[in-house]
């Protein structure tokens, strides 16, 4: 039998008013800073390790593709780019919609909401995958319509068809990662990713070399590796009993009340895709330059470089999103604010470090990827600009994590739209083609976008009303339709918001 605990909205407001009368110190103590830094590190470090392992696995796939043949490498690269734009970025963005729901639910002590959000998100991603698969089935026709080489388009079609199982696997993998991270469980994620990558190497040799499946084997090996990650993750969590505090057996409830998940997932997806796609647009613009092969190759090297550097702020962004969500769900707005302050401070240090790295290796970095002198010179010219971009990219990425933890993905999406497409794109096109800055003009456009994005994101973080966000978190976790009754009381004719929240708590 479940009995309801009634939490008065008036009492909640009174508690927050009391906090305002006795506010936390403006400057946190050294002990508080150290404690929060440890909390962020415990979440971010395993995430960084997992991301670096995934980066290595991607490099292994490209290495096998390159050894098969130049045409196969081109077809596989085209398929991977199309899959990233239309599939993987979409699923990753949609899955982030569950991030604030899970982290705030965990902080609020709502275990059933955690597992239901996981189940609903998996179903939502599988449903979305049906639409994506329909698009992938027509990749060859789409590429020929866009005047791509028929031979490369045919190979790309074959490669992406072999990637469909991987798309479905990602519909489980992304939600599982967020579900566990919201509870502070990160070690299984790193171990599972490592196991999948170790398995990836012999699987490539077996499918590509032993069975002779060529570049189709590379795609199948990637799908098999991700499937192993999911199996390993589920098995580890289940055997260790890590699921027990929050798991609810799937029922008809997971087919209902999708509103909060979808409402947060769509703007999260838009925000991720707007930024992700901008880099693909830069590659397309390179193809319009004189002698495009050199700038396109250099752009590929630089995007790989910025992807490597992005691992660190993105992992910190995921960590602070979880921390902010947990603290808001627990009705501790001051601790959520502290987490944001510490994370953004770390992001500034990350930006300086990444910038120094880009400047320091500018003359030698290109040699790691190619012996072509023209490509190396172009890469060396753009790397210092890339370094300046990181000064904005690191803070804005972590700031986006803070905003995501407060369940405001629409805010982040609007900022990305304005910064990358209303500022960055005009600057890039204008400098590249009208002012004749060429290849470096594209990167100056990215610099303008990153500066604008960082400024707006940090302004949003700095002006956040944390007490208000704590109330929003209570509403989000208490009005989701799960074992909750909401009673509204009309006062002076005003029915603008609920005045009483009734949360049921299981009792023996």
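Cβ coordinates come from backbone N, Cα and C, glycine included.
Source: prediction; values computed, not measured.
Long-range contacts of the transmembrane segment (48-68) within its own chain (CB-CB distance under 8 A, at least 6 residues past either end) are made by residues 76-77, 189-190, 193-194, 196-197, 200-201, 204, 208, 214-215, 218, 221-222, 225, 307-308, 311-312, 314-315. The transmembrane segment annotation in Swiss-Prot covers 48-68 (among others).
Within the chain carrying the transmembrane segment (78-98), a Cβ under 8 angstroms from the stretch's Cβ atoms is held by residues 117-118, 120-121, 124-125, 128-129, 132, 135-136, 139, 143, 148, 152-153, 155-157, 159-160, 163, 167, 170-171, 174-175, 178-179, 219, 261-273, 276-277, 280, 283, 404, 409, all 6 or more beyond its ends. The feature transmembrane segment is assigned by Swiss-Prot to 78-98 (among others), with sequence analysis given as support.
Taken from Swiss-Prot, the feature transmembrane segment applies to 122-142 (among others), supported by sequence analysis.
Per Swiss-Prot, transmembrane segment is recorded for 156-176 (among others), and the stated evidence type is a curator's inference. Counting residues 6+ beyond its ends, the transmembrane segment (156-176) has Cβ neighbours under 8 Å at 75-76, 78-80, 82-83, 87-88, 91-92, 95, 98, 118, 121-122, 125-126, 128-129, 132-133, 136-137, 139-140, 143, 215-216, 218-220, 222-223, 226-227, 229-230, 233-234 in the same chain.
Sequence-distant contacts of the transmembrane segment (189-209), counting only residues of its own chain at least 6 positions beyond either end whose CB sits under 8 Å from a CB of the stretch, comprise 46-47, 49-50, 53-54, 56-57, 60-61, 64, 68, 177, 180-181, 215-218, 220-222, 224-226, 228-230, 232-233, 236. Taken from Swiss-Prot, the feature transmembrane segment covers 189-209 (among others).
Swiss-Prot lists 222-242 (among others) with the feature transmembrane segment.
Taken from Swiss-Prot, the feature transmembrane segment applies to 270-290 (among others), supported by sequence analysis. Sequence-distant neighbours of the transmembrane segment (270-290) (same chain, 6+ residues past either end, Cβ-Cβ under 8 Å): 81, 84-85, 89-90, 92-93, 96, 296, 298-300, 303, 306, 400, 409, 412-413, 416-417, 420-421, 424-425, 428-429, 432-433, 438-439, 442, 446, 449.
Cβ atoms under 8 Å from those of the transmembrane segment (300-320) belong to residues 40, 43-45, 47-48, 51-52, 55, 99, 181, 279, 282-283, 339-340, 343, 346-347, 350-351, 354, 357-358, 365-366, 369-370, 375, 379, 382-383, 386, 389-390, 393-395, 397-398, 400-402, 404-405, 443 of the same chain, restricted to positions at least 6 beyond its ends. Feature annotation from Swiss-Prot assigns transmembrane segment to 300-320 (among others); the stated evidence is sequence analysis.
Taken from Swiss-Prot, the feature transmembrane segment covers 341-361 (among others), and the record attributes it to sequence analysis. Remote same-chain residues near the transmembrane segment (341-361) are listed as 28, 33, 36-37, 40, 305, 309, 312-313, 316-317, 319-320, 323, 383-384, 386-388, 390-395, 397-399, 401-402, 458, 461 (criterion: CB distance under 8 Å, separation of at least six residues from the stretch ends).
Among the features that Swiss-Prot reports, transmembrane segment is placed at 368-388 (among others), with the record citing sequence analysis.
Positions annotated as transmembrane segment by Swiss-Prot: 415-437 (among others).
Outside the transmembrane segment (441-463), and at least 6 residues removed from its termini, the chain residues within Cβ reach (under 8 Å) are 278, 282, 285-286, 299, 302, 340, 344, 382, 385-386, 388-389, 391-393, 395-396, 399-400, 402-403, 411-412, 415-416, 418-420, 423-433, 435. What Swiss-Prot records for 441-463 (among others) is transmembrane segment.
Outside the transmembrane segment (122-142), and at least 6 residues removed from its termini, the chain residues within Cβ reach (under 8 Å) are 79, 82-83, 86-87, 90-91, 94-95, 153-154, 156-157, 160-161, 163-164, 167-168, 170-172, 174-175, 254-255, 258, 261-262, 265.
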